[in-house]
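According to Swiss-Prot, the protein has these features:
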type: BINDING; residues: GLU181, ARG227, HIS455, ARG496; note: L-aspartate binding site
type: BINDING; residues: ARG227, ASP228, GLU229, GLN236, GLU489, GLY541, ILE542, ASP543, ARG544; note: ATP binding site
type: REGION; residues: 205-208; note: region 'Aspartate'
type: SITE; residues: HIS38; note: site 'Important for tRNA non-discrimination'
type: SITE; residues: GLY89; note: site 'Important for tRNA non-discrimination'
Amino acid sequence: MHGTATNPYRTHTAGELRASNVGQRVRLAGWVHRRRDHGGLIFVDLRDRWGITQVTFDPERGEVFSAAERLRPEWSVSVEGEVVRRPEGNENPELPTGEIEVEASSLRVLNASETPPFEIDRERPVDELTRLRYRYLDLRRERMRENILFRDRVVRYIRRYLAERDFVEVETPLLTKSTPEGARDYLVPSRLYPGQFYALPQSPQQFKQLLMVAGLERYFQIARALRDEDQRGDRQPEHTQLDLEMSYTTQDEVLQLIEGLYTEIVERLTEKRVLFKPFPRLTYAEAMERFGSDKPDLRFGLELRDVSDLARSSEFKVFRNAVEAGGSVRGLAAGGLGDLSRRELDGLTEVAREGGARGLAHLRAEGKALKGPVAKFFSAEEQAALREALGARPGDWMFFVADRDPVVFESLNRLRLHLRDRLGLADRDALAFCWITDFPLFEYNEEEGRIEPMHHMFTMPREEDIPLLDTDPLAVTGQLYDLVANGVELASGSIRIHRPDLQQKVFSIIGIDEEEAERRFGTLLRAFRYGAPPHGGIAPGIDRLVMLLRDEPNIREVMAFPKTQAARDEMMDAPSPVSEEQLRELHISLCLPPEERRNP
C-alpha cells in the first residue's frame, strides 16, 4: 500500500487491488490511460507506476458521470469508489487487477493534459528526437518505465551483494584535476581562481587507488563517468558504472567476485539463463585467433581458422602474396545459407570490406569437391585440406580473407556477426559470459608513431614480464581483464601498479617524463611512497548491463535522460549559450569556430 486513509489522493496503487479487496472503499490516483464508452457506462483505465485498474462511471451518478465524459488521455485524476468483481466473462487475465474494477463515486481532475506528441498507451514507433524532447512523457510508456524500474532493481542488488562482502560505498569528487585518460576532459572554469579549471572525472581511477592507500581495502561506488569524446554507436558523454577496488587481491579474486554478482543478477532478476558456468576464460590472443574480436559472442560457432600454411604453398597468388607479406589467410565455414546469388555474395563481400578487406574469397563444399571461382587454384588434396581445416560439411559455404592480421580479424568478425543475425544463430534468452585476459600492456600507434597503453597506464605488468619493460615493452602482457557477454563488453579491469618506480617506468614508455608525471599524477606517485598495498579492481558499466538484460538496442533506452548521438540534451536544450555576465565572472572570452562548424 502506497497511500493511507488520510492521504487525499490515494489509499492504494493502481496495481495492487485484487478480489480480496472486494467491498472496500478506496482512492486511486494516476493518469487516464484509456477511456471507453459502452452501453451507457464509461470505463477508464487508470494508470500509475504500479499498474492499471479499471474504473467504471455510472450515468446514475450524474455529476461524477459528467466529469468522466470530459476526461481525456493523460489527464491526472483522483478517483474514489468501491471495489467490485467484474461481471463474469469480463475479467482481464492480462492485468493483475483484472478480476476487479472500481465503481466510482467521486472524481477529481488534478490536472488536464494537452494532447501528447505521441501515443503513450500503445507501443508504436516514434521518432527518437521527439521521444528525447518529451522524455518525461516517453518515460510514462510501459516499456520505458519497466526499463528504469529494472535498472533500479539491478543497482539495489549490486549494493546489497557488495555490502554483504564488506565493501564500503564511498563517493569521490566530481570536481577534480584534468588528467585525460584517452578522451578529452569536460572542463569547469573556476571563478575563484581565474584561468584555472576543474575537470569532471572520466572515471574515479586515481581516487579509488588512493582509497586503497588509505586502507579502506574494499571500495565501491555507483559512479558517473564523463568523457568528451566523439559520439559513435551507443556511447554517451556521461554514463554510470560500478566502480570497485580491492587491496591485497588477485585477478582470480576479482573475476570470481564479479562472476558471482552477474550470475545472481541474471538468475534472480531475469528469465534469461547463463550459458556457461563458470565463465570461460580466453586470452586476448586466443579470442582474436578464434573469433577475430576481443569481444566475442560465444552463443554460436563459426570460429575462424588459420589456413596460412596451406595458402603459402597454393597457386592462388592473392593468398600466397598476403602470407609472404607477413599477413595471414583465415576463413570460416557456414551452413544453412542455401544457394547464394551473385548479389548475395556481393553483399557478404561488402560486409567484409567494411572491416578493411579488399575482397572475400568463397568456396562451397559440394560432394568431395569445392566449387567456386578460386577452386581451380587448389589441387584436390589442397581442397580436402581446406575443407578439413574449416570443418566444412556438404553444402557449407567457406569464406576467406587474406591480408594483415588486424584487417583479417576485423573483416571476418563482421562477417561472423552478420551471419549470426542472418541465420538466427544466437539464442536471445541466453547470456554467454566470458573473460578476456592477458591483454598486451601496450600497443603501437602507427599514426602518431608512439607506444600507448592498450587499456590504461595504471595496469600492473605480469611479474615475469617486468624485465621486458626495458628491452621489449610491446611484448609485455598486462594483468588486464574484460568481461564480455554476447559480443558486448560489460566491464574492464586490472591489477594496478602500486610501486612508484614501476609506475614512473610505464609513464616514461608512453612518453610521459618525470616532470609531466609529477604535474599530472604527483599525488598518486607520492601516495605510493607510503606503503601502498597491492590492489586491483574493475568498472562494469551499468547502462550496458541493463541494456543487455532488457534486450534493448542501445543504452539510451535504459537511461532516464540520455543525450542524443550528437551529445545534445534535446529536452533541456543543452549545451546552450550563457550570458556575457557569466563569462565575465569566469574571466572567459570566446573564440568561436565558423558558424557552419558550431552546431554538428
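Cβ from N, Cα, C; glycine included.
Mapped onto this structure are the features recorded in Swiss-Prot.
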| residue | record | DSSP class |
| --- | --- | --- |
| HIS38 | site 'Important for tRNA non-discrimination' | strand |
| GLY89 | site 'Important for tRNA non-discrimination' | coil |
| ARG227 | L-aspartate binding site | coil |
| HIS455 | L-aspartate binding site | coil |
| GLU489 | ATP binding site | strand |
| ARG496 | L-aspartate binding site | strand |
| ILE542 | ATP binding site | helix |
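Helix, strand and coil counts under DSSP for the region 'Aspartate' (205-208) come to 4 helix, 0 strand, 0 coil. Non-local neighbours of the region 'Aspartate' (205-208) in the same chain are 172-173, 176, 179, 181, 219, 221, 243-245, 456, 458, 521, 523-524, 537; each lies 6+ residues outside the stretch with a CB under 8 Å from one of its CB atoms. The recorded positions recorded for this entry are GLY89, HIS455, ARG496, and the Cα of HIS455 lies nearest to that of ILE542 (ATP binding site). For GLU489 (ATP binding site), other Cβ atoms within 10 Å of its Cβ number 16. Here HIS455 (L-aspartate binding site) is compared against the recorded positions HIS38, GLY89, GLU229, GLU489, ARG544, and the shortest C-alpha distance is to GLU489.
Counting only residues at least six positions away in the same chain, the Cβ atoms of ASP234, VAL488, GLU489, LEU490, ILE555 sit under 8 Å from the Cβ of ARG544 (ATP binding site). Cβ crowding, taken as the number of other Cβ atoms within 10 Å, peaks at ARG496 among the recorded positions HIS38, HIS455, ARG496.
Mean pLDDT for the region 'Aspartate' (205-208) in the predicted structure: 96. Between the C-alpha atoms of ARG227 (L-aspartate binding site) and GLY89 (site 'Important for tRNA non-discrimination'), the distance comes to 57 Å.
Counted within 10 Å of its Cβ, the other Cβ atoms near GLU229 (ATP binding site) come to 14, all protein chains included. Within 10 Å of the C-beta of GLY89 (site 'Important for tRNA non-discrimination') there are 5 other C-beta atoms, taking all protein chains into account. GLU229 (ATP binding site) is 25 Å away from ARG496 (L-aspartate binding site) when you measure Cα to Cα. When the alpha carbons of HIS38 (site 'Important for tRNA non-discrimination') and GLY89 (site 'Important for tRNA non-discrimination') are compared, the span between them is 16 angstrom.
For GLY89 (site 'Important for tRNA non-discrimination') paired with GLU229 (ATP binding site), the C-alpha to C-alpha distance reads 58 Å.
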